Amino acid sequence: MTIDWDSILSYNTIKVVRIRDRRLGILHLCFLIVIVLYVVVYSAIIKKGYVTTEEPVGSIRTSLLAPDELKSNQAYCKNNTEPYPYEKLDCVYYDEKLALFPIGDDVGFTASTRMRISDQTVNCSLMNPSCKFYTNTSMNVYLADIESFTVLIDHTMYAPSSQIQFNGDDLSGYVLDQNGNEIQLNESVNTIGVQGKPDILQLGKLLEFAGVDLDGPSLVNSSNSIRYDGCVLFVFIEYSNTFSYDLKKIKYVYSIKKVDDTAYDVPEVIILNNENSRLYYKRHAIRLIFIQTGVIGSFNFQSLLLTLVSGLGLLTVSTLIVDQLAIRFLPQRKSYSSLKFQTTESFRMKKKIVNDDGEDKLYHNIEAL
């Protein structure tokens, strides 16, 4: 039995056949229009398929400043005779240096709302493991008018791959209110997102954006106020330059979220005359944790190329669908199939062709198929 290697090792090539059938032509044209709209308009333009994105990193510096004049006789202070739904305490009028602790925190910020101050001494050697400090006197106080203190937020962002770097003063910015609207503040005290000005926000305004009322119920114990127990807030700073087609325009947006079911307190110890005498501060506070995030985009030719190549794949699929419809489902499928698929003569026959006359004869035979 002779093996026909020409049939076994046959090569399939592409043949272009123009089928004059309006049904197939309209279908293929519709596919083509949809693919062009998807690839060019949606993927490349609307979805910015020419852009590669990355998440920026950054740094935060904060500082606290007390107002020129603190409000006295607040409802939560003992010297105020008006009713208050929670426990009243004596009020102290501290400046920013005493209200802020810990100092130098590069990822967060803490402003005290209540402190329990204990005068403690020890009458034995601290080298003795059973030696303990004893509290002589204790005082529980509110820090009055902490809402009027202002916090300055100096932030910087950097995108490593595109090497885009800006300070917050150079950018336009916004803060989300409780309804999720982006607003820009340019008031006498509160300034957010104004180019050339630092971001400054009163703690009371910041709490308002988070939906927090210091004189509302505590997040862990409804019998206390948030002022009494403290709270934790996430302050997200989201950077973006993909909101428009101009990648040189960068904005940032603050969004402030409270952490449910949390209180906050931090201890502070001040040594007095010697290590046997100390002041112990248990501070309850507003704890702000800053998180810098976002999406920074830059032009990338490879991203654009991948977007366009995906369109070529869709064109191939659409052509395959129309071809299968033509050769398998239409009434003229046998005719269309015979036009699309054609088998040449064996290579043995071609070896007999030694001049142009033989090639012309083979060509006419193929045309007659």
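In case you wondered, yes, glycine gets a Cβ from its N, Cα and C as well.
Copied over from Swiss-Prot, here are the features:
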TOPO_DOM  1-25  topological domain 'Cytoplasmic'
TRANSMEM  26-46  transmembrane segment
TOPO_DOM  47-369  topological domain 'Lumenal'
REGION    283-296  region 'Pore-forming motif'
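Residues of the same chain lying 6 or more positions beyond the ends of the transmembrane segment (26-46) and with a Cβ under 8 Å from any Cβ of it are 304, 307-308, 310-311, 314-315, 318-319, 321-322, 325.
Summarised by DSSP class, the composition of the region 'Pore-forming motif' (283-296) is 0 helix, 14 strand, 0 coil.
In the topological domain 'Cytoplasmic' (1-25), helix, strand and coil residues by DSSP number 8 helix, 0 strand, 17 coil. Mean pLDDT, taken over the region 'Pore-forming motif' (283-296), works out to 96 on the 0 to 100 scale.
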